[in-house]
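Structure record follows, encoded as structure tokens.
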Amino acid sequence: MYKIIAIDIDGTVYSRKHGVHELTKLALKKAREKGIKIVIATGRTISTTRLIAKKLDLLNTSIPFIGQNGGQVFSYETNGKVKIRYTKKFTNKQVNQIFNIIKQHKAHAFCYTLDENIAYKNKGISIFFWWMKKRSQRNVKVYKPNKKLESQITKYICFGKKENMRQMRKKVEDLGFSAFSFSYVTNAKENIEINPIGVNKGYGLEYVAKELNIKPEEILFFGDGENDLEAIKFAGTGVAMKNSKLEIVKKAADDITSLTADQGGVGEYIFKYVLKEEIPKEFSIKK
């Protein structure tokens, strides 16, 4: 019997085209009614996770969620406040080191900080920057190496030419930092997320499991991206989404959903293997 169902957001329970599928909403609701804890595990921040938690009726549950690829564990408490268990951050020396590498590889960088109202960027303007600024709703400041940070950096999102990004990724990984990439906008470009040393969703999921006194084999995890790999491996049952574009993710998983995120793949899987119930007739399942 599963005691935790952990879910990635983007490309797993949420798609850009269709949002959160109603079948997935219903399945998670029914799982909660059976006493199963629903844990969000995402690369998003507290504020952007809140939007999806609200759609899934997971606000104010006091259940710990995993944010920033495992760089943060927090909960939306019953009193409406946010309780933070931990937040991993970069030292000032590491921040300067990474910005120098970003400059060498002609990349654009957008950086989240401990303060949900502040972000940092490097010099220059791009469509990527404006998109991130709009999404994050933060006051964005330009990083200057000789000026003290107003809030410590917790995650970098970098964007540039694919070959430059690949070389940059190798450099930051050689220094021990966690890096996750996925194709973004065009085939010639790539988006890379950089987290502090040792940070990944598996680390976050292990922390949550210990807090809730739940064994790995009692955890069901759903994900589609490279940043889901360690959580897929840690969970007793790690499930990759049918729509995942990464073979490494599908090979690491114990199972693969029959449907995509657009089709309600998480919901269909939960109905079949967790609830063991027929899917309501109002849902037309097309495989």
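Backbone N, Cα and C atoms are what each Cβ position is placed from, and that goes for glycine too.
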Per Swiss-Prot, which of D174, D224, D254 sits in the Mg(2+) site along with D8, D10?
D224
Identity of the phosphate-site residue among I4, I5, I7, I9 (reference: T42, G43, K201, N227, source: Swiss-Prot):
I9
How big is the gap, in Å, between the Cα of G43 (phosphate binding site) and that of D8 (Mg(2+) binding site), rounded to a whole number?
8
Express the distance between the Cα positions of D224 (Mg(2+) binding site) and K201 (phosphate binding site) as a whole number of Å.
12
Could you measure between N227 (phosphate binding site) and D10 (Mg(2+) binding site) for me? Cα positions, answer in whole angstrom.
11
Using an 8 Å cut-off from the Cβ centroid of D8, D10, D224, can you name the remaining same-chain residues around the Mg(2+) site, in sequence order?
I9, G11, T12, V13, Y14, T42, G223, G225, D228, M241, A261
Enter the number of other CB atoms within 10 angstroms of the CB of D8 (Mg(2+) binding site).
27
